[in-house]
Amino acid sequence: MRSCAGSRRRLSDSEGEETVPEPRLPLLDRQSSHWKNAVGFWLLGLCNNFSYVVMLSAAHDILSHERTSGNQSHAVLLADILPTLVIKLLAPLGLHLLPYSPRVLISGICAAGSFVLVAFSHSVGTSLCGVVLASISSGLGEVTFLSLTAFYPRAVISWWSSGTGGAGLLGALSYLGLTQAGLSPQHTLLSMLGIPAVLLASYFLLLTSPEPQDPGGEEEAERAARQPLIGTEAPESKPGSGSSLSFRERWTVFKGLLWYIVPLVVVYFAEYFINQGLFELLFFRNTSLSHAQQYRWYQMLYQAGVFASRSSLRCCRIRFTWALALLQCLNLVFLLADVWFGFLPSMYLVFLIVLYEGLLGGAAYVNTFHNIALETSDEHREFAMAATCISDTLGISLSGLLALPLHDFLCQLS
């Protein structure tokens with residue numbers, strides 16, 4: 001890729017040398033590059049999270065080869081989360097040593113391998129290996145593409161986030177729709193092999209090389225109005241420049257990032273505590289929807305809320321994400337109290353709360369990374385994006401440790 005630093009040329013004449021900027025791209029070319037990058041990052045977000053979502057949607061079919069216990073059902077969730085957690089923990093330390101293109105290739109190959117392995121599996125163990133490949137693909141891809149946003153206009157963060165939100169909605173609906181239409185789980189998974197191909201095409205064929213960001217505009221004015229919280233201003237860098245940071249610099253930047261990492265961890269902890277521990281227990285008997293149908297509606301409304309808020313950055317920007325963490329914790333307390341005391345009179349009220357839960361989670365994600373892009377120096381932004389990726393996965397993992405045992409405990413009481 002070309003350097004992100006603006007290039008300049010020197011002209012000589014009889015009076016000496018003069019340094020002038022290189023001509024800027026014509027307006028139409030800039031607009032074309034803008035839309036290529038916007039669509040490219042949206043597709044990357046969609047395709048990167050697609051296999052992860054599909055594996056969770058197909059969890060029942062993955063374990064249908066033999067009788068399974070609750071612990072084996074939990075194994076699908078762990079296989080889908082733990083590899084991602086390990087990758088994101090190690091990414092700030094050494095992943096920058098591997099160039100972007102090989103990382104993207106590995107991510108695409110793992111995604112395709114996950115579909116093939118699960119589709120042709122005849123044992124739970126083999127299926128879980130396929131789930132692990134999907135997790136590796138998703139975790140490696142998220143770290144890679146969020147780091148890459150550091151070298152493009154900051155608007156691509158919104159497009160990436162919107163794509164990841166779309167994956168939750170479209171991934172679950174596509175698997176459900178294709179299986180309901182009569183396709184077997186095996187053929188459904190094999191039909192999704194085009195998704196990794198789209199991911200690779202989006203990166204290698206659609207994205208343009210990073211160009212210098214225009215100084216001006218509403219976005220730069222907002223950035224200039226803020227005092228950088230993490231690092232100091234430095235000349236624009238190029239992909240891979242984060243590898244030049246010393247361990248001390250990385251530790252200093254990471255401590256500054258805690259202002260953003262901690263609230264995002266809290267948001268996802270409360271969010272997935274609700275999803276993993278409470279959704280199945282929020283059951284209303286005197287309705288036209290069965291228990292399974294109510295659960296599917298909860299999942300769909302949650303994903304719809306995430307998609308809407310991850311796509312909302314141009315309309316609403318939130319600087320203090322701690323407020324979102326507090327509101328999500330209030331959601332958790334409220335729904336936990338309802339599971340215990342059963343005071344909500346209608347499932348439609350729960351529908352609204354679940355939609356609101358998704359809106360809070362999506363808003364926390366997109367605004368966290370947008371704020372980091374605005375408040376970190378160019379030199380530190382690539383590392384900052386990679387380090388903050390751990391937040392959502394850490395929150396999900398911690399919630400699983402508590403939510404799943406609590407779910408089993410409450411089931412025994414009911």
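Any Cβ shown, glycine's included, is placed from N, Cα and C.
As the structure is a computational prediction, the values presented were derived from the model and not from experiment.
Checked against TrEMBL, the range among 157-176, 297-316 recorded as transmembrane segment is 157-176. Tertiary neighbourhood of the transmembrane segment (257-274): same-chain residues 229-230, 321-322, 324-325, 328-329, 331-332, 335, 354, 357, 360-361, 364-365, 368, 371-372, 384, 387-388, 390-396, 398-400, 402-403, selected by CB-CB distance under 8 Å and a gap of 6+ residues from either end. Within the chain, the transmembrane segment (320-341) has long-range Cβ neighbours (under 8 A, six or more residues past its boundaries) at 260, 262-264, 266-267, 270-271, 273-274, 278, 281-282, 350, 353, 356-357, 360-361, 363-364, 367-368, 371, 410.
Of the candidate ranges 39-63, 104-121, 347-366, 39-63 contributes the most Cβ pairs within a distance under 8 Å of the transmembrane segment (157-176). Within the chain, the transmembrane segment (347-366) has long-range Cβ neighbours (under 8 A, six or more residues past its boundaries) at 157-158, 161-162, 164-165, 263-264, 267-268, 271, 274, 279, 282, 284, 287, 289, 294, 297-298, 301-310, 312-313, 316, 318, 321, 324-325, 327-328, 331, 334-335, 338, 392.
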